[in-house]
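A.B. asks: Can you read through this structure? Questions will come right after.
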């Protein structure tokens, strides 16, 4: 036993099992929900996710909901009442899926999860770090070192898809009478495309997204807000408040800005980080203040006068 303790396991993620307080067996993969410690012994993960981990899970949970809303809006045409009901249903599907996913993850039946702490990017890609001690035979130690952050997202997507297939077709058939038969289900068909894409994105790029998502949220929310305000020809506060829908879009983008800022700062120092949230309305105010100077027709007319 002393010899087993002295000779540590090769690779980053190979470890020995602890049985009845003593370390036994050959080096190998740790069981699900465990990862190796510094002594290369498999240890059960008992920590709770950090705020940043929850924010990452929230981002991955938001992706299908935002895509649902986008495609419902895109394909619903002028039928705003049917679109609203579909928006609410999509939100219900994602919310129920999130709750069920948390309930089936250890500890089962509770809305909390136990997790292994993410230490570095390689924790997400353990399959790339299987060691070959004798340069011939590979010791396979692929495991979920970031348990359960990798698989919980895939389980959530599966529940979202199942609930959507159960609820949405019936709802759309009932309410979307004004749309043509082919147009009715287009938002559902779109989801059947984007769910596999999101699954591959999580499977391949989960680790990269974990570190990059705050910046992705900020950049995308800024770009989409600018595109929306430009497409809706919003050039003054009067244009902005003319329709309730525009205010809903604006406030939802502000929430995304705030989410991105909180994710970047992680609220480590509240007195320093909370004032940053005052920047949230900045981009929209800047756009409205400068929109009249960048009006294409005005620039063209001034260019024509100059000639």
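Glycine residues also receive a Cβ, built from the backbone N, Cα and C atoms like all the rest.
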A.B. asks: From the ranges 126-146, 147-167, pick the one that TrEMBL records as transmembrane segment.
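C.D. replies: Feature transmembrane segment in TrEMBL: residues 147-167.
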A.B. asks: Out of 147-167, 188-209, 215-234, what stretch is closest in contact terms to the transmembrane segment (54-72), meaning most Cβ pairs under 8 angstroms?
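C.D. replies: Per the Cβ under 8 Å count, 188-209.
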A.B. asks: I need to check the long-range neighbours of the transmembrane segment (274-291): which residues 6 or more away from its ends have a CB within less than 8 Å of a CB in the stretch?
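C.D. replies: The answer is 222, 225-226, 229, 234-237, 240, 250, 253-254, 257-258, 261-262, 265, 267.
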